[in-house]
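Listed in TrEMBL for this protein:
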TRANSMEM  46-64  transmembrane segment
TRANSMEM  70-91  transmembrane segment
TRANSMEM  103-120  transmembrane segment
TRANSMEM  140-158  transmembrane segment
TRANSMEM  179-196  transmembrane segment
TRANSMEM  216-236  transmembrane segment
TRANSMEM  316-338  transmembrane segment
TRANSMEM  358-378  transmembrane segment
TRANSMEM  390-409  transmembrane segment
TRANSMEM  415-438  transmembrane segment
TRANSMEM  463-485  transmembrane segment
TRANSMEM  491-513  transmembrane segment
Amino acid sequence: MDSSRGKEKAVLESLAGGDPFGSVEPVKKPSGRLIMHSMAMLGREFCYAVEAAFVTPVLLSVGLPKSLYSLVWLISPILGFVLQPVVGSASDHCTSGWGKRRPYILALGIMMLLGMALYLNGDMMVSALIPERGKQRTWAIVITMLGVVLFDFAADFIDGPIKAYLFDVCSHQDKEKGLHYHALLTGLGGALGYLTGAMDWGNSVLGRFLGSEFQVMFIIAALVFLICLTVHLCSIPEAPLRDDSTETKLLLKVDGPSEYGSIESVNNGYLKPGYAGKKTLSESHLGVQTRMTVKCLLKALLSMPSHYRCLCISHLIGWTAFLSNMLFFTDFMGQIVYHGNPYAPHNSTAYLTYERGVEIGCWGMCINAISSSLYSYLQKALLPCIGLKGLYFIGYLLFGIGTGFIGLFPKVYSTLALCSLFGVMSSTLYTVPFNLIAEYHREEEEQNGGEAEATGRGKGIDCAALTCMVQLAQIIVGVGLGFLVSAAGSVIVVVICASAVALTGCCFVAFFVRYVE
């Protein structure tokens with residue numbers, strides 16, 4: 001009998017992650033593990049930079065009509081905005097033995113590689129598979145568009161599970177440190193990607209061997225991303241989320257102390273203190289199934305506490321301002337700063353001047369990425385002095401002022417210098433909102449006796465709701481700015497709008513976003 005009780009107690013302690021009466025706070029992680037976890041962001045941003053540098057030339061080379069440009073950039077964010085919370089909710093309840101988040105991260109990483117392979121190699125694939133020249137152009141456009149949509153979809157989606165993975169396995173202090181490492185390596189990945197894309201690979205030995213610079217960039221980007229993704233997935237083990245029905249059968253048989261209660265006292269490998277009630281097997285099983293329905297998912301989103309909703313709105317404002325500037329920045333440099341003309345004949349001085357402006361604009365984006373990395377390191381020193389509210393406000397304010405000055409004084413050197421302020425905004429958007437999510441979850445855990453997900457929402461769905469604001473911002477920018485540029489007749493309206501939206505965001509984060517003391 002004693003042996004049987006001992007085995008039961010050992011099983012319960014195993015489910016609870018060790019000492020059942022110990023702290024529910026995960027063990028502090030070494031900095032090396034947090035850096036390994038952040039490598040996924042370096043790989044993702046490297047691939048994003050490659051996309052920014054090569055997608056437009058690729059689309060032009062396959063003959064994509066201008067009327068389809070907006071369709072390419074709108075399909076992915078629309079899909080992401082609709083589906084991202086669904087994926088976030090599904091990952092909250094994933095019972096894979098590998099953990100809740102890593103299966104989704106791996107699947108999305110494979111989708112990113114597939115999308116990149118299609119849009120960088122689609123023309124070559126079609127030429128090899130379809131002999132009829134009349135059909136080659138049509139299929140090349142279809143394959144390239146499919147690749148761009150698939151890549152954007154997966155690259156936007158993967159951010160939510162990565163952040164939720166960090167929140168699941170780290171203590172509160174490690175979450176803050178991990179988010180800073182995320183921002184640091186995000187900026188570094190972007191800088192490396194832009195620098196790699198700026199090199200003339202077409203005339204290199206590798207370029208001549210593979211056929212074109214597009215194939216060279218695919219090989220480089222795929223290797224970088226695979227290495228970073230592998231390091232990330234091996235960084236910090238996840239405790240698998242056990243099936244509630246199986247655990248309840250075990251726990252209801254135990255004749256031990258009442259502290260062990262039902263399976264609701266175990267969450268992702270940690271014992272929840274203060275839970276005294278019991279559930280029957282059928283109740284627990286039905287609870288899991290109910291949370292996975294679309295109806296309950298929509299209810300969880302609509303009943304989101306007001307402070308979560310305000311944070312999502314502020315994130316939407318910030319990304320709308322940031323994307324308004326970044327998506328049109330190289331065009332702004334070519335037309336407004338360098339006074340070039342993209343519609344002039346390709347051998348004319350006006351067109352060559354425009355191309356020169358676009359090249360310098362790429363260097364400005366590289367400055368943005370480097371400053372983002374540096375500022376993410378500086379944030380750790382500023383946080384104890386000005387807090388999250390100060391960091392959030394300063395990020396929006398400096399970006400609003402910087403873009404405003406660029407619009408008023410469009411000179412080459414001043415514009416490049418002010419690109420460093422874009423990095424401040426980028427680092428802010430990648431860290432502060434997720435720090436606030438972590439603060440909100442910690443506050444809920446304290447209020448609910450360790451049950452942060454007692455409301456039916458989990459870290460996955462909250463991170464997904466926040467990151468899907470990026471997709472909504474892309475939709476707004478894609479639909480709205482094209483109309484504004486056509487109405488104003490000048491790209492300068494882009495930076496003016498970005499400045500106005502960012503300064504509006506300053507007021508919102510100061511008066512409406514809630515900060516945990």
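Any Cβ shown, glycine's included, is placed from N, Cα and C.
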Within this structure, do the transmembrane segment (316-338) and the transmembrane segment (216-236) have 3 or more Cβ pairs under 8 angstroms, counting pairs 6 or more apart in sequence?
no
How about the transmembrane segment (140-158) with the transmembrane segment (179-196) - do they touch, taking at least 3 C-beta pairs under 8 Å (6 or more apart in sequence) as contact?
no
Relative to the transmembrane segment (179-196), the stretch among 103-120, 316-338, 415-438, 463-485, 491-513 with the most Cβ pairs under 8 Å is 415-438
Using a Cβ cut-off under 8 Å, which residues of the same chain at least 6 positions beyond either end of the transmembrane segment (415-438) come close to it?
163, 167, 172, 175-176, 179-180, 182-183, 186-187, 308, 311, 314-315, 318-319, 321-322, 325-326, 333, 337, 360, 363-365, 367-376, 379, 388, 391-392, 394-396, 398-399, 401-403, 405-406, 459, 462-463, 466, 502, 513, 515-516
For the transmembrane segment (491-513) and the transmembrane segment (390-409), does the number of C-beta pairs under 8 Å, pairs 6 or more apart in sequence, reach 3 or more?
yes
Where else in the chain does the transmembrane segment (103-120) make close Cβ contacts, counting only residues six or more beyond its ends and a cut-off under 8 Å?
40, 44, 47, 50-51, 54-55, 58, 87, 90-91, 94, 96, 143-144, 146-155, 157-158, 161-162, 165, 214-215, 217-218, 221-222, 225-226, 229, 232-233
Other same-chain positions with a Cβ less than 8 Å from the transmembrane segment (390-409) and lying at least 6 residues past its termini are 314, 318, 321-322, 325, 379, 382-383, 415, 418, 421-422, 424-425, 427-429, 431-433, 492, 495-496, 498-503, 505-506, 509-510, 513
